[in-house]
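Asks: Pasting the feature list from Swiss-Prot:
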type: DOMAIN; residues: 2-142; note: domain 'Globin'
type: MOD_RES; residues: Lys8; note: N6-succinyllysine
type: MOD_RES; residues: Lys12; note: N6-succinyllysine
type: MOD_RES; residues: Lys17; note: N6-succinyllysine
type: MOD_RES; residues: Lys17; note: N6-acetyllysine
type: MOD_RES; residues: Tyr25; note: phosphotyrosine
type: MOD_RES; residues: Ser36; note: phosphoserine
type: MOD_RES; residues: Lys41; note: N6-succinyllysine
type: MOD_RES; residues: Ser50; note: phosphoserine
type: BINDING; residues: His59; note: O2 binding site
type: BINDING; residues: His88; note: heme b binding site
type: MOD_RES; residues: Thr109; note: phosphothreonine
type: MOD_RES; residues: Ser125; note: phosphoserine
type: MOD_RES; residues: Thr135; note: phosphothreonine
type: MOD_RES; residues: Thr138; note: phosphothreonine
Amino acid sequence: MVLSPADKTNVKSTWDKLGGHAGEYGGEALERTFASFPTTKTYFPHFDLSPGSAQVKAHGKKVADALTLAVGHLDDLPGALSALSDLHAHKLRVDPVNFKLLSHCLLVTLACHHPAEFTPAVHASLDKFFSAVSTVLTSKYR
């Protein structure tokens, strides 16, 4: 999915507004994913998956850091996320549908924390961005 110049602007400006909260939101979105889609827990048998878990928060920060990297490389997502794509496809073998589930929970989390900024245009741009990231992360499954 190709991000338009307006999409790129929306994604960058939204991500800039998250400030130091990106890791917190990543953890919250991951908690939301586990609560809403319990089958996603199967990839984390060694984690304490209870609400507020330090392990979930730490992994949520990793998710947010990867997305921050992607935001900084909107014109080369495959290059920026190549190592993560390899990891998820070949070592972790995460079912690709889980990226869509997490993307949805990220959108919900961002909308909850930034309702005024979460306009239809921003929502659409973030959805396209998360979809593009998901596509890159699943590209090496083929």
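From the backbone N, Cα and C atoms, a Cβ is placed for every residue, glycine too.
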Asks: Taking the modified residues one at a time (Ser50, Thr138), which has its Cβ surrounded by the most other Cβ atoms within 10 Å?
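Replies: In terms of Cβ crowding, the pick is Thr138.
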Asks: DSSP three-state call for Lys12 (N6-succinyllysine): helix, strand or coil?
Replies: helix
Asks: Calculate the distance in Å between the alpha carbons (Cα) of Thr109 (phosphothreonine) and the residue listed as 'phosphotyrosine', and round it to a whole number.
Replies: 7
Asks: Let's see if you can do this one: DSSP helix, strand and coil counts over the domain 'Globin' (2-142), in that order.
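Replies: Split by secondary structure, the domain 'Globin' (2-142) comes out as 109 helix, 0 strand, 32 coil.
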Asks: Cα distance, Ser50 (phosphoserine) to His88 (heme b binding site), nearest Å?
Replies: 23
Asks: List, in sequence order, the same-chain residues at least six positions removed whose CB sits under 8 Å from that of Lys8 (N6-succinyllysine)?
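Replies: Within the chain, Lys8 (N6-succinyllysine) has Cβ neighbours under 8 Å at Leu74, Ser125.
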Asks: In whole Å, note down how far the CA of His59 (O2 binding site) lies from the CA of the residue listed as 'phosphotyrosine'.
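Replies: A Cα-Cα distance of 11 Å.
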Asks: Using C-alpha atoms, which one of the modified residues Lys12, Ser36, Lys41, Thr135, Thr138 comes nearest to the residue listed as 'O2 binding site'?
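Replies: Smallest Cα separation from the residue listed as 'O2 binding site' among Lys12, Ser36, Lys41, Thr135, Thr138: Lys41.
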